[in-house]
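To start, the structure itself, in structure tokens.
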Amino acid sequence: MFAILIFVLLSITAQLKADHGFDVRHHLSTVTTYDVVKDIVKASANSTPDGCTPIHLNLVARHGTRSPTKKRMRDLDKLASHLEELIKDAEEQNLSLEKVPSWLWGWKSPWREKLKGGELIRNGEEEMYNLGIRIRERFPELFEEEYHSDVYPIKASQIPRASASAVAFGMGLLSEKGSLGPARQRAFAVTSESRASDIILRFHDCCGNYKVFRKRQEPAVDKLKEPVLDEITSALVSRNGLNFTRQDVAMLWFLCKQEASVLDITDQACGLFSPYEVALLEWADDLEMFILKGYGNSINYRMGVPLLEDVVQSMEQAIKAKEEKHAPGSYEKARLRFAHAETVVPFSCLLGLFLDGSEFQKIQREEPLELPPKPPQSRNWRGSTVAPFAGNNMLVLHSCPANSESKYFVQVLHNEHPILMAGCGSDFCPFEEFKEKIVAPHLKHDYNSLCTVHLEAPEQKPVASKLSQLFRWLFSMQNDDTPSSKDDL
């Protein structure tokens with residue numbers, strides 16, 4: 001009996017120590033800030049061989065940390081009202097409120113007075129600015145030329161937080177390269193395509209079949225998450241004495257992520273959840289990302305083929321310039337792109353990142369992968385590393401003239417660290433092998449064929465019915481101020 005008691009006490013002590021060292025900011029899925037995770041990615045052990053020189057760089061980056069969108073700010077206002085009702089109901093029923101956390105009394109959303117949302121915040125600006133400085137310092141031979149938009153094109157989606165990220169990055173990359181102000185800044189160009197036709201950085205917005213797939217799949221994803229939310233709802237009701245619903249818990253988890261990433265507050269909404277509950281909620285978010293944006297369905301990443309083609313084309317042009325000995329300053333040395341999680345996640349999948357060899361073969365055959373395992377099992381697929389705020393993939397093209405196997409190699413850096421490409425078995429892959437094993441299998445999928453929705457011929461309806469539908473549509477448009485961009489972008 002005494003031995004059992006000692007064992008229980010030791011187990012409790014070990015759990016308390018583990019909980020004490022737990023940092024919720026590492027477990028916020030795609031709402032994780034870059035500085036928290038950029039140095040803990042599972043990196044490849046390979047390094048750049050001697051005699052190899054970088055000659056071109058492709059960057060695909062997500063925007064930096066942003067504030068909640070307008071729609072989600074309204075949701076938080078509704079949460080505040082509902083929390084007030086829950087406390088009032090408990091008081092009317094003469095229930096004990098001793099267990100209710102003090103911050104819940106009279107809580108109001110920190111964003112209640114804001115009229116706009118979704119913008120890049122100061123921390124997001126710093127993430128992108130510092131990324132620009134680090135890339136310039138890491139690859140000085142690529143950024144020694146005089147700036148020109150043809151040599152260093154900077155492209156962003158038409159969403160303001162993406163273009164603002166591109167500007168902050170450019171200010172870091174080109175700091176002390178000009179004559180403007182004390183920091184010796186210089187002007188530079190950021191270009192964007194119309195969001196209605198940008199199939200390189202916002203292919204998810206232009207792909208009709210993907211929209212159909214996502215709309216049909218979302219209810220099933222919600223169903224998969226329900227057991228987690230129900231389990232945690234029951235625990236929160238027991239611990240806090242308030243009659244929380246499943247929707248309340250989902251919103252409190254959203255609030256936790258916003259408080260931790262945007263405001264650096266971890267002892268309010270996040271404090272409601274145990275470390276294991278946080279792990280479950282993080283897994284549920286990662287599961288949703290896997291199914292709707294990642295390896296869960298091939299359309300999620302096949303629609304990103306135009307971006308992959310753009311990357312390969314830029315490398316081929318760099319090799320041609322090298323072979324033909326073009327004059328310095330006359331050809332492109334880096335192509336820098338800034339977009340969204342819906343861009344970075346599919347692009348990572350096209351490269352075969354976060355897979356082992358057998359899984360890579362499956363996606364080449366378009367076979368479904370198993371879902372990420374539930375905690376406490378370990379998994380490679382984590383939103384906090386796949387696509388945190390400012391998360392990025394860099395493809396660095398190297399010239400290796402002394403190599404007998406290939407003169408040109410591609411190295412992939414994920415969040416600035418070398419990472420294994422399962423298709424090559426390395427992070428440093430001969431360019432021709434990269435094209436053959438990783439790129440070519442995707443190129444059989446034409447974007448238009450993949451994404452165009454083929455509608456059946458509609459049955460003829462009376463004119464009055466059509467007019468009625470038109471008026472209903474116009475009325476809904478007048479009363480719908482929900483932004484078209486997805487909240488998780």
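Placed from the backbone N, Cα and C atoms, the Cβ positions cover glycine too.
What TrEMBL records for 73-100 is coiled coil. Non-local neighbours of the coiled coil (73-100) in the same chain are 106-109, 111-112, 114, 117, 239-244, 248, 251-252, 254-255, 258; each lies 6+ residues outside the stretch with a CB under 8 Å from one of its CB atoms.
Its Cβ taken as reference, CYS400 (disulfide bond) is surrounded by 20 other Cβ atoms within 10 Å in the chains shown. Residues annotated as disulfide bond in TrEMBL: CYS52-CYS400 (among others).
Sequence-distant contacts of CYS256 (disulfide bond), defined as residues of its own chain at least six apart whose C-beta falls under 8 angstroms from its C-beta, comprise VAL24, LEU28, GLN268, ALA269, CYS270, LEU272, PHE273, VAL278. Summarising the annotation, TrEMBL assigns disulfide bond to CYS256-CYS270 (among others).
The disulfide bond annotation in TrEMBL covers CYS424-CYS429 (among others). Taking Cβ-Cβ distances under 8 Å and a sequence gap of 6 or more within the same chain, the neighbours of CYS424 (disulfide bond) are PRO430, GLU433, PHE434, LYS437, ILE438.
Per TrEMBL, the feature signal peptide maps to 1-18.
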Euclidean distance between Cα atoms of CYS400 (disulfide bond) and CYS429 (disulfide bond), Å: 12
Reported mean pLDDT - the coiled coil (73-100): 94
Nonlocal neighbours by CB distance (under 8 Å) for CYS52 (disulfide bond), same chain, sequence gap 6 or more: HIS398, SER399, CYS400, ASN403, PHE409
